[in-house]
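Below: one structure, written as structure tokens.
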Amino acid sequence: MQLNDKWQGLCWPMMDFLRCVTAALIYFAISITAVAKYSDGASKAAGVFGFFATIVFAVDFYLIFNEVAKFLKQGSSADETTANKAEEENSDSDSD
């Protein structure tokens, strides 16, 4: 069974967005620490890998943000359309 079928109360795109933001911030902080605090080659390599991972997560959360924004925009426009139809029906019934 898929988790999205089991737990339908969660907004999965928003959870994915928060995961990407959190991962990007953690990788960035650890990379800064690795490069600034230690001077050996392994720490510098870890810092470069961390910066690369930060960029990848940042691109991912940018793409997810655009997807969530489109989804929310469609939801709000659908709500407005439904509200407009309800108002028109009410105004038609009032004029009768």
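Heads up, the Cβ atoms here are built off N, Cα and C, so glycines get one too.
Curation does not apply to TrEMBL; its annotations are automatic.
According to TrEMBL, the protein carries these features:
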{"type": "DOMAIN", "residues": "1-69", "note": "domain 'MARVEL'"}
{"type": "TRANSMEM", "residues": "20-39", "note": "transmembrane segment"}
{"type": "TRANSMEM", "residues": "45-65", "note": "transmembrane segment"}
{"type": "REGION", "residues": "77-96", "note": "region 'Disordered'"}
Long-range CB partners for the transmembrane segment (20-39) (under 8 A, at least six residues beyond its ends), listed in sequence order, are 46-51, 53-54, 57-58, 60-61, 64
Using DSSP three-state counts, the residues of the domain 'MARVEL' (1-69) come to 59 helix, 0 strand, 10 coil
